[in-house]
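J.: Below is the structure I would like to discuss, written out as structure tokens.
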Amino acid sequence: MLEYAIEDFFHFLRIERGLSDNTLSSYKRDLTNYLQYMKDHDKTATWDKISRTDIMGFLYMLKDQGKSTATISRHISSIRSFHQFLIREQITSNDPSLHIETPKKDRKLPDILSQDEVDRLLEIKMNTKLSVRNKAMLELLYATGLRVSELISLNVSDLHLMMGFVQCFGKGSKERIVPLGDTAKHYLEKYISEARDSLIKKNNREDALFVNQHGRRLTRQGFWKILKGLTLEAGILKTITPHTLRHSFATHLLENGADLRLVQEMLGHADISTTQVYTHVTKARLKDMYQSYHPRA
């Protein structure tokens, strides 16, 4: 059965590759679509029978469904990894995905906040335990550029305030050390000393750094709800995503002369080309500023 090979592949990704739940979910979604297409087209005997033409048919179906270039590219990547696994495990000697080209993605510059907008967002009135937590969270995000998944995965033991850094685990469980500024340190100390113990209440075995009103680890959805509320309070009309502060962190560093390699290291990017997108953001902002303020623009 075709399904068994896919289940073995997921086990390999989880145990041997140590991929995160989010990444595993993406693989599962992509390969479930792929398997269903093959079943719908009577390709259910063995993976040996799958051809390049079959895969191209699947990709054309995705295109006809209006899927984005990025989504199609991700499916291709998942399919390639799966067929390489089949060869590695000697389930098949045929790799029909070998010469399938990935479509070129349209470069979409990430949305960022201006320095003034960041300042407005971070002007949180700390009149409740939860607002003290929110202030500490956003100050930490803007100070470090952490991914939201990294933020909510932090434990208290990952925070090293005396030494001025936070220890986090990014994609593929790769560890990195990110420095903290004095402002973020101050509000984290305030949160830990004044709010966290009250929030965890009787759930004092909770290791999570950031917890919800029930004393349990904050979820991604919970963080997103908080961020949307704070954005409205700050009167920011831009469309904000959970990664907006990460994008703003990187762009503001580069605008102020930071070295690209250092920004890459702080963001935890494996490939510097991923970080280079932020240099395009700074150039676009510079062009906009020129057009707005130069008398002969």
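Heads up, the Cβ atoms here are built off N, Cα and C, so glycines get one too.
Pulled these features from Swiss-Prot for this protein:
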DOMAIN    1-87  domain 'Core-binding (CB)'
DOMAIN    108-291  domain 'Tyr recombinase'
ACT_SITE  R147  active site
ACT_SITE  K171  active site
ACT_SITE  H243  active site
ACT_SITE  R246  active site
ACT_SITE  H269  active site
ACT_SITE  Y278  active site, O-(3'-phospho-DNA)-tyrosine intermediate
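Help me picture where these features are in the structure shown.
T.: If you average pLDDT over the domain 'Tyr recombinase' (108-291) in this model, you get 85.
Listed in sequence order, G170, H243, R246, G268 are the same-chain residues six or more apart from R147 (active site) with CB atoms under 8 A from its CB.
K171 (active site) falls within a helical segment according to DSSP.
The number of other Cβ atoms within 10 Å of the Cβ belonging to H243 (active site), over all protein chains shown, comes to 18. In the three-state DSSP scheme, H243 (active site) falls into the coil class.
If you draw a 10 Å sphere around the CB of R246 (active site), it holds 22 other CB atoms from the protein chains shown.
For H269 (active site), the number of other Cβ atoms no farther than 10 Å from its own Cβ, over all displayed protein chains, is 17. Under the DSSP three-state reduction, H269 (active site) is assigned to coil, being neither helix nor strand.
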J.: Give me the CA-CA distance between K171 (active site) and H269 (active site), in Å, as a whole number.
T.: 9
J.: If you run the three-state DSSP split on R147 (active site), which class comes out?
T.: coil
J.: I'd like the Cβ neighbour count for K171 (active site), meaning other Cβ atoms within 10 Å of its Cβ, all protein chains included.
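T.: Around K171 (active site), other Cβ atoms within 10 Å: 15.
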